[in-house]
Amino acid sequence: MSGAALGLEIVFVFFLALFLLHRYGDFKKQHRLVIIGTLLAWYLCFLIVFILPLDVSTTIYNRCKLAVNSSPPENNGSYVPLAPSKPKCFKPWSYIPNGIMPIFWRVVYWTSQFLTWILLPFMQSYARSGGFSITGKIKTALIENAIYYGTYLLIFGAFLIYVAVNPNFNLQWNQLQTIGIAAANTWGLFLLVLLLGYGLVEIPRSHWNGAKRGYLLMKTYFKAAKLMTEKADAEENLEDIMEEVRKVNESIKYNHPLRKCVDTILKKCPTEYQERMGRNMDDYEDFDERQNSYPSEKSLVKLHKQVIYSVQRHRRTQVQWQILLEQAFYLEDVAKNETSASRQFVHTFQSQESENKFFQYFYTPTVEWYWECLLRPWFYRVLAVVLATFSVIVVWSECTFFSTKPVLSLFAVFIQLAEKTYNYIYIEMACFLTIFFLSICVYSTVFRIRVFNYYYLASHHQTDAYSLLFSGMLFCRLTPPLCLNFLGLTHMDATISHKHTQPTAYTSIMGSMRVLSFIADGFYIYYPMLVVILCIATYFSLGTRCLNLLGFQQFMGDSEMTSDLIDEGKELIRREKRKRQRQEEGENRRREWKERYGNREDSTRSRAVHTDQKESSFSETNTNRPLSKYTRSNGRTERDRIELLQDAEPLDFNADSVNDDPLESESGR
């Protein structure tokens, strides 16, 4: 099994990252480089989280071997074997051979740092650029990142000058590398504590509120009112942008040098707008630079960028509105079925998506009723209590992990107890649950936060390229300090434990933080204590109240604005519900009409076809007979048809138009 666990986790984490990226990104419409860059960033960060417990168990096994094979020297300096006070070391099932982990961590860490500081910021500017060629987009990206890169180079250059001038410093390349790593981890730890303080409180509270049906329904109404406002704003913005595109399309004709740029813009527009502009296009007119003023290429680049943004936003709001409607209808169905005596879940509307037959076989209406109306609220409450317990343990350990005698960090206590018995399964499970919970608290906050319309991770393939790349940057910057914080909580970091033991392979590539003692002994130890203040602020919703005072409507139960938006959203949901009910009733009536009268119509058509065949055969048989016999009857029939037509169609009362001869009136008509 040597190395097999590492290979299995590498494959599993890849498919996990691919699944999440498929949920938020759009593989068909977004650029391949954006998908590859985001996938690589997410994959490397998730890989660090999953592989680090294996590094811990391997390090504990190596420490055990060193402890068994050596003992403190006697007075004469010779070594004697240790007394069998410790159990015999045995190799863990997930043991990774020596030399593999340092190379693995070095490749993963420096690749993630290259992505987050160099490649992904450049790709962000490239994706948002409105240029019409690759060269133009690269030029725009370089200009936008010049200030970004120049700031870091200026700070780094000032630091190098200070080190060169000061005679007390004699830095080597390894120490300089450690300083760079410490600077990146300090920036990441600053953001990490902010996100962690929010997630430690909000995740248990969201699961506890998930057991309240009335709370979820009211919040859904609130979201519907806000989303409708955003949806109307997106539609209005799209209309304004399309009007500008229409003017540009009409002014720049087919033989203008910038016509290719206009065609590129038109391809990014929705289909209905393309058809409308295509019908109003007069390409036979030549352009004349002396008569008309034409837009410049720079203005077309700006317009192209606005079109991409407005179309993406409009599409996202439309999809989110449909998803929110389905969620609201389902919560209303749950509220109605809670009082059902039959204990079978009845849906108001059938699901539009085709469900799996295997899932339908086991998830019957009775099972669905017991789960949704009876078991799910209790499950969410129990899960919320478990998550809240983990949050309390994390907060306590963050405030006390610097204490080594006695050991106050609960995670360090658990690991040290397992280390005494060398229970590697328990060690790996404890490490995995700890770092997994920390990752969920941090990463879920990254997925939830929204910076206006510039950064927003929307599910169901509605996230734009800029937000995907920005999330990859955040993950790559947050994961290394998250892992160092985890190693500090478990006292696996020698900087925290103050023990001269073999460090983990992950800590070895970070270098000794003793080069910057004020960071190692100050910032890394005492700054995480601020998580207590952030948890208290999140518990009392101070951030939500501040945003509400600034005019950004947030869901608050004791706010008058919140109640007004809930009433507005409830009316919107009721209106959409009636609209969908009318559509389904119309479809049902058409279906019943086809089922009831479809056979009669088919029989009528077949009878008519049979009659026509008989008449045609009868006429064919009578063609050989003399026609003089039927001349009078045919003339009388024609005269009768003319009289019927005259009786059926009223004539204008005009003396000039009246004619005694019906044949002449027929011919005139």
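Cβ atoms are placed via backbone N, Cα and C, with glycine included.
Note that TrEMBL annotation is computational and uncurated.
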Coiled coil per TrEMBL, picked from 56-83, 224-251, 476-503, is residues 224-251
At a threshold of under 8 Å on Cβ distances, which of 6-21, 146-165, 177-201, 466-489 pairs most often with the transmembrane segment (103-126)? 466-489
The transmembrane segment (177-201) vs the transmembrane segment (466-489): 3 or more CB pairs under 8 Å: yes
Short question: which residues 6 or more past the ends of the transmembrane segment (425-446) have a Cβ under 8 Å from it? 49-50, 52-54, 56-57, 60, 92-94, 192, 195-196, 198-200, 202-203, 387, 390-391, 394, 411, 414-415, 418-419, 457, 471, 474-475, 478, 482-483, 485-486, 489-490
For the coiled coil (224-251), what's the model's average pLDDT? 92
